[in-house]
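Participant: The structure under discussion is supplied below as C-alpha cells; questions concerning it will follow.
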Amino acid sequence: MVNSSRLAKNTWSAGGARGAAQMADRSVRGLHTCRQTHTNAHLASSTTIMDVQVSSMNSLDVTVYASTEGLEAADIGVLSKTSYEAIGAVSVVGNGALALIMVVTGGWRRPAVNLYVFTITCTSSVETMAGFPLIISSSLNGKWMFGDTGCTYYAFVMYTCVLVIMTCYLLITYHRYRVVVEGIPADNRNSRHWIAKSVAGAWTYALCWSICPFLGLGHFGKEPFGTSCSLDWTSREFSARMYNLLVVLCLLVLPLCSMVLFSARVISKLNMQITPSTNGLTSGLTEIEGRPTVVTSVFSESSFIQARAFKIILMTLVVFVLCWSPYGIMSLLVQFNVPISPGASVLPTIMAKTHCAIGPAVYFFSLRYYRISLRELLGMDHS
C-alpha cells in the first residue's frame, strides 16, 4: 500500500510537470503568434502606405512630364513664331528692295544672268507673302489652323517656289560654266533668249514635279510638329515612298552634284586666267564694284570682274545649300524609318525657310552698286 501510494504521488508529480510545461509552451506559442500577427499587420499597413505613396509619386511624375512636354511645345511654338516673323520681315523688305532696284535701274535685263537673280528674288517674295502668314499663325496656336485645303495650298506653293529657286541656282552655275569654260558670249542676244527660255523651263519643270501629288504620286501633309505642311515624308505607301526618294535624288542630290562640278570647273579656269604678275605681264589700278583693286593678270580686268561676280553667286549658293541640307537629311532619314521627334524636326524647317532672307543680304553687303541704288531710291546721299 505504501509503495502504491508513493507510485501514485510520483505519477501525479510527473504529470503535473508535463502539464505545466505544455501550458508554458502554449503560452510562448500564443505570444509568438500574436507578435507575428502584429508584425504582419504592420507590414501590410506599411506596404499599403508605400503603394499609395508610389502611386501618388507616379501620378505626380506623369503630371510633371505632361507639364514639361506642354511647356516644351509652347517654347518651340514661340521660337518658331519669332523666327518666322524675323525671316519674313527681312525677306519681304530685302527681296522687295532688290526687285525694285532691278526694275527701276533695268538691272534685271543687263547683264543677262541677272534675270536668274530677279526670278529668285521674286519667287522668294511670293513664297514669303503667300506662306509665312499661315505658318506664323499656326506656330502661335501650336497646330495647323487652316485645314486640309489650306495645308495642300501651302505645301504646293512652298514646294513649287523652292524648286524654281533651286533650278535657277543650277542654271546660274551652268551659265557661268558656259561663259568661263566654254567661252560663249555672256550678254549677247542669243544668251538673253537662252536665259529667258531657261527661266520658263524652270517654272515648267517645277510645276511638273509639284503637281504629282495631285495625280496620286506622293501626298501633301502636315510636318511632324504639326504647324506647317510639305510632302508627306512619313507615308508608307509604295508609290509615295518611291516619289519621295526620287525627289531627294533628282531635286537635291543630282542638282547639288552638278552645281559642285560646274563650280569646280569655273574656279579652276579662273585660277588659270588670274595669276600673279611675276614678269610684269599686266599691272594696274582699277575700280571693281567701287573698290580700288590692283590688277596683275595675264588677261584683262574682265577676268577679275567675272571672278568677283562668280564669288557672290557661289556665296548665295553655298548659303542656300546649307539652309536646306538639314531638312533634306531629315527627310531622307524618315524614308528609312529612322525615328525623328516632332521637336527635332522644327529646327531644320526653320533653317530651310531662312533661304528667303539670305539672298538679299548677300547682294546688299557684297555689291556696292545695290547699296548706292537703294540710297538713291530712299533720297539719301550716297557719298
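Cβ from N, Cα, C; glycine included.
Pulled these from TrEMBL:
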type: DOMAIN; residues: 94-363; note: domain 'G-protein coupled receptors family 1 profile'
type: TRANSMEM; residues: 86-108; note: transmembrane segment
type: TRANSMEM; residues: 115-136; note: transmembrane segment
type: TRANSMEM; residues: 156-174; note: transmembrane segment
type: TRANSMEM; residues: 194-220; note: transmembrane segment
type: TRANSMEM; residues: 240-262; note: transmembrane segment
type: TRANSMEM; residues: 312-334; note: transmembrane segment
type: TRANSMEM; residues: 346-365; note: transmembrane segment
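Structural setting of the listed features?
Facilitator: In the predicted structure, the domain 'G-protein coupled receptors family 1 profile' (94-363) carries a mean pLDDT of 84.
Sequence-distant contacts of the transmembrane segment (194-220), counting only residues of its own chain at least 6 positions beyond either end whose CB sits under 8 Å from a CB of the stretch, comprise 112-113, 115-116, 119, 151-152, 155-156, 159-161, 163-164, 167-168, 171, 175, 229-232, 235, 237, 239-240, 243-244, 247, 251.
For the transmembrane segment (240-262), the list of distant contacts is 163, 166-167, 169-170, 173-174, 176-177, 209, 212-213, 217-219, 231-233, 317, 321, 324, 328, 331-332, 335: same-chain residues at least six beyond its ends, Cβ to Cβ under 8 Å.
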